[in-house]
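According to TrEMBL, the transmembrane segment annotation covers 62-85, 91-110, 122-144, 156-179, 191-214, 226-245, 278-297, 309-335, 342-369, 375-396, 403-424. Summarising the annotation, TrEMBL assigns domain 'Sodium/calcium exchanger membrane region' to 92-247, 279-420.
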Amino acid sequence: MMGAADKAELGFEEEDDMAAGTPPPARKMQSLDFEHIGSLAAVAESLSPRSKWRMTLRSIRIVIFQAKINVLLPFGPLAITLHYLSGNHQGWVFLFSLVGITPLAERLGYATEQLACYTGPTIGGLLNATFGNATEMIISIYALKNGMIRVVQQSLLGSILSNMLLVLGCAFFAGGLAHPNRDQVFNKASAVVNSGLLLMAVLGLMFPAVLHFTHSEAHYGKSEVSLSRFSSCIMLVAYASYLFFQLKSQRSLYSPIGEEEESTEDEEDEKEIAQGEAISWLFVLTIWISILSGYLVDAIQGASESLNMPLAFISVILLPIVGNAAEHASAIMFAMKNKLDITLGVAIGSSTQISMFVIPFCVVIGWMMGEEMDLNFQLFETATLFITVLVVAFMLQEGTSNYFKGFMLILCYLIVAASFFVHVDPKSSDNK
């Protein structure tokens, strides 16, 4: 007698199955093989050149043509064209570069958000810290190469003021109008930590200024630079510790209110482009912003003279509007959706990034370049930052927001803007 194994080996199992009226398993395997071959064919088709070309066109349509703000993109090439034309066009070159960078900054923020969908919260936080303020960092590095240290200081200060007063104020105001019958609530613990970091940044900026203006330096002209470099390294360590603390160590304590109720379907819906496409767009947009930033920085001085506008006003008010275009749009959008924790992460979190990461980073980069970039932002600018941090900290201490708080923050920003319009740097600091 042959066993079942012997029958199967000699091919008699199929005959027994047919005799019993059951289909042979070989046919089942054959159907499974067809399904497997079909899935492999689908994968092969997705990897074909034609499919890759379709995916590329789809990515271009989403990133370039889907956003309405991209109608401003032609102003970039127009600024470059004006730069090489004869005649005094510095004012127009500056304005067109400013307008041309605005949609690029917004799309850079979009590409960063898309990449963060694939990386998880920890790496996503690092990406936002790096690319969220990439426009400000690129403009600052170009200005540092040209020795325009005051432009670097004032543009970064202006970005902090713009985020804390204008961006947050508009978000609170729009969110309050969208939800007029109740106060909106956010995580107070996270806001308090950010306020503490901003006060630490004020501490780091205040001592070099006080040291300089009280003439109490041990080595005149060198002590404030040495103190600034040491403080910058400490601030970078503090910011790295803050990222670890909030994103890794105490993540549950500082998670947004109601996060548990949100499903992962929202995150899936937010994925509009592939991970590789997001990385490619980050690379392309960063290069294009770098090119336009060079023309923008070259035209700042001439624009100040031709537009009859103080350099401090251009640096503190106009330049940050470009860098904060992405933050401004997304903060208002999330506030109207009643996601105040994300709004605070965008506005206050961005201010914290600039004060505790970008400014110290620029000091270190200037140190490598041989430029004496320091944390002495002058008394007027340091006092403005200190009062602004206090005002915003008082606004956030209750953990609630409404349209009246937003309106007050916007009015405070108008006062700050007017102050810098009539402010002129001391002549002694022109070489800094």
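Quick reminder: no glycine exception, Cβ is built from N, Cα and C everywhere.
In TrEMBL, annotation is done automatically, which means it is predicted and not curated.
From a predicted model like this one, the values you see are computed outputs, not experimental measurements.
Across 62-85, 226-245, 309-335, 375-396, stretch 62-85 shows the highest tally of CB pairs under 8 A with the transmembrane segment (278-297).
Where the transmembrane segment (191-214) meets the stretches 91-110, 309-335, 342-369, 403-424, the count of C-beta pairs under 8 angstroms peaks at 342-369.
If you count C-beta pairs under 8 angstroms between the transmembrane segment (309-335) and each of 62-85, 342-369, 403-424, the highest count goes to 403-424. Tertiary proximity for the transmembrane segment (156-179) is limited to same-chain residues at least six positions away from its ends with a CB under 8 Å from its CB atoms, namely 133, 136, 140, 198, 315-317, 319-321, 323-324, 327-328, 331-332, 334-336, 338, 340, 343-344, 346-348, 350-351, 354-355, 358-359, 362, 377, 381, 384-385, 388-389, 391-392, 401-410, 412-413, 416, 420.
Relative to the transmembrane segment (342-369), the listed stretch 375-396 leads the set 62-85, 91-110, 375-396 in CB pairs under 8 A.
Listed as Cβ neighbours of the transmembrane segment (91-110) (distance under 8 Å, sequence separation of 6 or more from its ends, same chain) are residues 63-64, 67, 69-79, 82-83, 131-132, 134-135, 281-282, 285-286, 288-289, 292-293, 295-296, 298-300, 302-303, 306-307, 314, 318-319, 321-327, 329-330.
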